[in-house]
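Sequence annotations record features per position, and here TrEMBL assigns domain 'Ig-like' to 1-101, 106-199, 204-278. TrEMBL lists 319-339 with the feature transmembrane segment.
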Amino acid sequence: KDQCHGQNLVTEDVTVVEGDVATISCRVKNSDDSVIQLLNPNRQTIYFRDFRPLKDSRFQLVNFSNSELRVSLTNVSISDEGRYFCQLYTDPPQEIYTTITVLVPPRNLVIDIEKETAVEGEEIELNCTAMASRPATTIRWFKGNKELTGKSEVERWSDMYTVTSQLLLKVGREDDGVPVICLVDHPAVKDLQTQRYLEVMYKPQVRVSQNYPLQGLTREGEPLELTCTAFGKPQPTDMRWLRVDDEMPQHVVVSGSNLLISNLNKTDNGTYRCEASNAVGKSHADYMLFVYDTTATTEPAVHDSRAGEDGAIRSVDHAVVGGVVAVVVFAMLCLLIILGRYFARHKGTYFTHEAKGADDAADADTAIINAEGGQNNSEEKKEYFI
């Protein structure tokens, strides 16, 4: 900020980061060889012309001339803050001041997390503390690239400020391994941040896949092989096959995550379930088996491989689709029949009105005359109203 105020002296305010160098400049717009001197906030003379009476060697002369006195102050501390005075020995003497402001970046940046390991669905608390800054720090939160909103509290200790920001975060399985970043917004520092990686435990995700047959029908007399895969944190240790609402057929072979039926028959129809569990919980996926005749050639309905707990992939039944199409076609036919009868009825009414007056005639000639007379009467009525 220019402190000229219309005088012959000019100077500017100085903002400096603690430990850096501050430069104070006292300039004369129209020099007349008058003496320039610089005083500290206690009004002690730092420099008189190019001579330094003050014993603080951190002050060094940068430039001296009839029009400028420029002095540097190294290793600036908070105690150096305040007003410094430029004086010009004229008649009358002139004086202006410059203000030194010292910025202090945060001493330390720390994230504390409530739980090192969280379970999906839990809300956890994180705190980020920026210690001993000046002015107070603004703290920003990010989860990956997404900015989040925290709640900050500021404590003042002497001339310093300590800021703590609290973040409440509900975690899901997709957050496992994602960094939570605490970033400082402060004029004395750039790109100061710290981060913690989330560790989230979650239930298994279970999926059943059909290894054989790869495509086509599951026919009577042919084999069927299914594989169950499960992923979770921690990795599932317990995995088992069962048949829903019925006992597992004796000829079914279960080997670890695989289920094998070497010779399918219609008694095998039903829902086969793979269950997996870990320390967090249990999930399952279902496979609906329908065994076709050996002569069947129609493309089968897609087997239902539903995942319990975590959503489902529903089967598409071709019979249901065919039924819906049949209903739509039937409805369209009914609509066409109704519209046809409606137009036929109105056409008949038109012809009946056209022959009005001929019904009571004794013979055909009289009927024609009556009909023509009816038309003439109509024309006469039109002429009358016009």
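Including glycine, each Cβ sits where the backbone N, Cα and C put it.
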DSSP residue counts for the domain 'Ig-like' (106-199), split into helix, strand and coil | 3 helix, 61 strand, 30 coil
Determine the mean pLDDT over the domain 'Ig-like' (204-278), rounding to the nearest whole number.
-> 95
